[in-house]
């Protein structure tokens, strides 16, 4: 299993992952699997954007208690502040509807973000947090003391974790799948969903075809925003899915992350190349960047200037190679600053198809890996 508690997209121009049918041309793109985990009868009649937001910090978050689907905790002052910041981040989004978990911490977050919008809010109990049965309400140290091996399995093998005769993560994935028909069938172009860490992970995973083994690999921070774009399939089947943003927070987009108490051993940054010379170059990634694209790539290089990039993986498209070159040159120049600094070389590799697991295995203990597979519509 890939453990990527925080995967941060940097978007100088367009979306990260575009999932569509392979055309008959020889143009190369980054293909991810079809959204096969969605029910076969789930369709999207028109293009739809779904914005997922986790609730703000709750009292039980602050205390370190296991919440699950219990409804005893409420937002802290910090949680309310986080929700207000999210409201400002999303204020220009023209949402048509808001689906939210009815649990108090999520409901309050949704109300703050929704603000004075007159459109409807729909409370859906299926969007509640993962059901953790006897674990709920316990401090984490109490869970370890009381349940021993079961608690260890919850931390180390959640997909197979069983308690009180239930498999919570498997149940959660099934519930997340059941939420998509209602969300995609709603007559709206832009949907806001306010829920919880685990269920938002499951919604992302089931949309893009990832199984329960990816639980905790798609961390959703308090008020973190993830965005999925759905495009109708020409044959009327399951829609094509673009993961546009993953866990965007008001904090630094390059902040390190943890999941289930585990610190990330590697950080993966997904970077989109700068704008091309014309609209076609943006689609095919086989033309040089224009002046705006060069500026975008330089801004991206400046954003990660304080991080030590160990390697860059990019597609063989011209704009991708140019963007990778800008980042590597800035990184190498930065390493020369200071009296005792030693010049270094940033390794760059071109790949037609992106195999993240293979790349991570070969990167040893790399602190940072820049994946410049630069996919646009």
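In case you wondered, yes, glycine gets a Cβ from its N, Cα and C as well.
Listed features, source TrEMBL:
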ACT_SITE  55  active site, tele-phosphohistidine intermediate
ACT_SITE  129  active site, proton donor/acceptor
BINDING   54, 55, 56, 57, 58, 59, 60, 61, 105, 140  substrate binding site
Round to a whole number and give the Cα-to-Cα distance in Å for the pair residue 54 (substrate binding site) and the residue listed as 'active site, proton donor/acceptor'.
10
Residues with Cβ closer than 8 Å to the Cβ of residue 129 (active site, proton donor/acceptor), same chain and 6+ apart in sequence?
67, 68, 69, 101, 103, 195, 196, 197, 198, 199
For the recorded positions 55, 105, the one whose C-beta sees the most other C-beta atoms within 10 angstroms:
55
Which has the fewest other Cβ atoms within 10 Å: 54, 56, 58, 60, the binding-site residues listed?
60
